[in-house]
Amino acid sequence: MTAEILLLAQSLRGCRTQRSLPVGRQLHQVLLKRGHAASLYASNCILQMYARCGADLDDAQRVFDEIPHRNCFSWNSLIDAYLKSDEPCRARQLFDSMPRKNTFSWNAMITGLVRSGDLKNARQLFEEMPVVDAVACNAILHGYIRRGQVQEAFRLLKKVGSEDDGSSSPYSDKFVLTTLLSACAECLAYDCGKQIHARIVICQVDLDSILGSALVDMYAKCQAFDSAHQVLELMSEPDEFSLSALISGYGGCGRLDEARKIFNQKEKPSVVLWNSIINAYASSNQGEGTLELFKMMTGEGIMPNSSTFASVLSACAGIGIREHGVQMHACGCKHGILEDLVVASALIDSYSKCGIWEDACKVFRELRVYDTILLNTMINVYSNCGQIREAKKIFEMIPSKNMISWNSMIVGYSQNGHAVQALELFIDMHHLDLSIDEVALASAISSCASICALTTGEELFALTTHIGLVTDLVVTSSLVDLYCKCGKVIDGRRLFNGMPNFDVALWNSMLMGYASNGYAIEVLELFEDMGSAGVSPNEVTFIAVLSACCHSGLVEKALMWFSRMKVDYCIEPIAEHYSCVVDLLVRAGRLEESINFIDTMPFKPDASMWTSVLGGCKAHGDEVLGRKVAERLIELNPQHSGPFLQLSSIYAAHGEWENSAQVRQMMNDRRINKNPGYSWIDSSQ
């Protein structure tokens, strides 16, 4: 082979992109003119150039067809080119036509099919492979794991191991073993992980940093910390990724003291170890500790990265203090890291969980690139702040909507009082044969409950039974709520009784169902059963209990439970609990007591409480107290017509027409208008 051919061939190998195609064509012409293109070596170089550089592969196919005596390199070059151009069918045709196949041919075809998502044919070819190779095995294992078919990956390796002749075992390949150990870690398959570790020992595979880290990570996630430490001792020098895996394992089960000991063993920890310990604290809801670690990290001159900010912002969201999120926002701007989508999503989540909706929306508007995860987050943000139109715009922006996208929009409609739209979207989702889960079903059923659409709700009940979610606690809670809101309390209780297990949400649904239908005795009996079942009540539970007492006039029992919820259950009353007690005292005519109760509240009362007291004053004819309450209401909401009208009515009822007229005149002077009555009958005409 002449030096000229070698030089031209070397130049051809340098043509690797479509932009270098014109140069490659010129070199092809030179080889043709010099009479060198007919040699197999030169032909293969030309073929390889067109395979790498061509926008389409017609040129490569023509060169291939003109080679009189092809070798494996010729076939493999064109097969690989078709696979990389996403034409697996043409690649398979070529592969099947090959007179002789080498290991590269099998590996290229199998890995190409896995890359294109055709695992079935890739597995079939793998079964036909004369000698099992680790590259092909690893490709199929990766394919199964990416699809979540971890058990299938384990079955494949077990089969390969049983046919192992010792010549080229995947069990001795570090990449295969690392892939499987990662899968074991993700699905907490401890026994399988131990078996793989045993094969590593039997096959005497060198425990390098990559394989060692995978073993430590598997044992740590399975909480087998003694085994994880033993692996660390076997490694010549444990790297930071292994230590990071152990810290994350301890952090995942809340053992922060042990995680901190591992972290403190390293004199000058890198950003990898800092991120591990920070994430351990953040995932354990130790917000203040997370922020303290972040300060220590930056104080030691370690530059935080996107993972650091994502963890710290997650901790800020958990704390719920606005200033922390704002400070991290400023710090992220300083480090120029807010363009990172993971950090941006964490910042938006932090602002939204602190109730700072406008800032969350502002961060989103400043971004130039979005992904589906971020857009799904924004559907929730806009829905939570009542901007359902903006949420719908975001939903329509998503090119490839996943289940979370649909669920977020359905939940947004349902929670914002757009029941019909929620049901319409659920129907669209169902017609597209998309997977329906408990979130979508529960939201659709809740929408039916809010508009008392019992027939549609029962159709959804049938769908729930069909897809096997009838025992799901969230869905069942929604169904109980549906039946109770439609007055079918007995049917709701029958469904409740049929559940094999319960959570507090299901108990609350039944309690609220009884309370809203006036079954006070049943509420109190069921509440006692709840305690006997060992289920701890929450805030919603006591709203149901107090509401039932209120509607049945059980004043002393309500006051007793209001006191016990703080003393016995350590539940701090919220506005709804106070409102129930105020309403109860007003209905019982204990007006002075209701006012004293309001004055002892740890927060400022809203207008609805004073309105309830004012209505009670009017009903019980207490003119003096009514005037005082009306004056308070006017101070609280001076532009609302209700208190003025109530006060005017009280004066009129007692024949004080002059005072009544003065109140009306005051309304005119302040330009306060009474909202006109509105009738559905009028609106339908």
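Even glycines carry a Cβ here, placed using N, Cα and C.
According to TrEMBL:
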| type | residues | note |
| --- | --- | --- |
| REPEAT | 71-101 | repeat 'PPR' |
| REPEAT | 102-136 | repeat 'PPR' |
| REPEAT | 239-269 | repeat 'PPR' |
| REPEAT | 270-304 | repeat 'PPR' |
| REPEAT | 371-405 | repeat 'PPR' |
| REPEAT | 503-537 | repeat 'PPR' |
| REPEAT | 538-572 | repeat 'PPR' |
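Helix, strand and coil counts from DSSP across the repeat 'PPR' (102-136) read 26 helix, 0 strand, 9 coil. Sequence-distant neighbours of the repeat 'PPR' (270-304) (same chain, 6+ residues past either end, Cβ-Cβ under 8 Å): 240-241, 243-244, 247-248, 250-252, 254, 256, 259-260, 263, 311-312, 314-316, 318-319, 324, 331, 335, 337.
Non-local neighbours of the repeat 'PPR' (71-101) in the same chain are 40, 43-44, 47-48, 51-52, 54, 56-57, 60-61, 64, 108-109, 112-113, 115-116, 118, 121; each lies 6+ residues outside the stretch with a CB under 8 Å from one of its CB atoms. Under 8 Å from some Cβ of the repeat 'PPR' (371-405) lie the Cβ atoms of residues 341, 344-345, 348-349, 352, 357, 360-361, 364, 411-413, 415-416, 418, 434-435, 437, 440, all in the same chain and six or more residues away from its ends. Averaged over the repeat 'PPR' (538-572), the predicted model reaches a pLDDT of 91. Helix, strand and coil counts under DSSP for the repeat 'PPR' (270-304) come to 26 helix, 0 strand, 9 coil.
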